[in-house]
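Participant: What follows is a structure written as structure tokens; I'll ask about it next.
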Amino acid sequence: MAKVNLEQIEHAVRLILEAIGDDPNREGVLDTPKRVAKMYAEVFSGMHEDPKEHLHKVFGEDHEELVLVKDIPFYSMCEHHLVPFYGVAHVAYIPQGGKVTGLSKLARTVDTIARRPQLQERITSTVANSIMEVLEPHGVMVVVEAEHMCMTMRGVKKPGAKTVTTAVRGVLENDAAARSEILSFIKTN
């Protein structure tokens, strides 16, 4: 996949400024195309990374009980409106066969998946699927809570409304008690 084309983004931003009736040569917005291009390169940096790469570093650890990293902050851009949505991800898995990854690797996986034009539902399922594929755990549960600026600043204008999505894989799919336990851990401080 090609890297971000900064010049093309700068040109597009100038066109947007003109299209909304602003003067792209006005002092306040003169450097806006360059700033937006740099910002897009950063917020869409996940386009050029494979999230699974973060998970390949494993530790041979004889632990086959729940591992939960909760309240992982993330931001992403809604692919429908190219405005931000942000929130927290909670990632739980039950290791199998001594395949335990570093806790930061779970956070990096979330970040890489979120840093592209996205849907919250896709972030949730892609994190779960990536963990299942690379770590081959007994089970995975991912819960994502986010506020979408496309619902806050436009359209229905409902600031504070949060969307919650889940993805459950492996043994957790049929174990309501284990899912409830994970959700109770997520709720506690």
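Backbone N, Cα and C atoms are what each Cβ position is placed from, and that goes for glycine too.
What Swiss-Prot records for this protein is below:
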type	residues	note
BINDING	CYS78, HIS81, CYS150	Zn(2+) binding site
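On this model, are these features tucked inside or out on the surface, and what's nearby?
Facilitator: In the three-state DSSP assignment, the secondary structure recorded for CYS78 (Zn(2+) binding site) is strand. Close to CYS78 (Zn(2+) binding site) in the fold, though at least 6 residues off in sequence, lie PRO84, PHE85, PRO117, GLN118, LEU119, HIS148, MET149, CYS150, each with a CB less than 8 Å from its CB.
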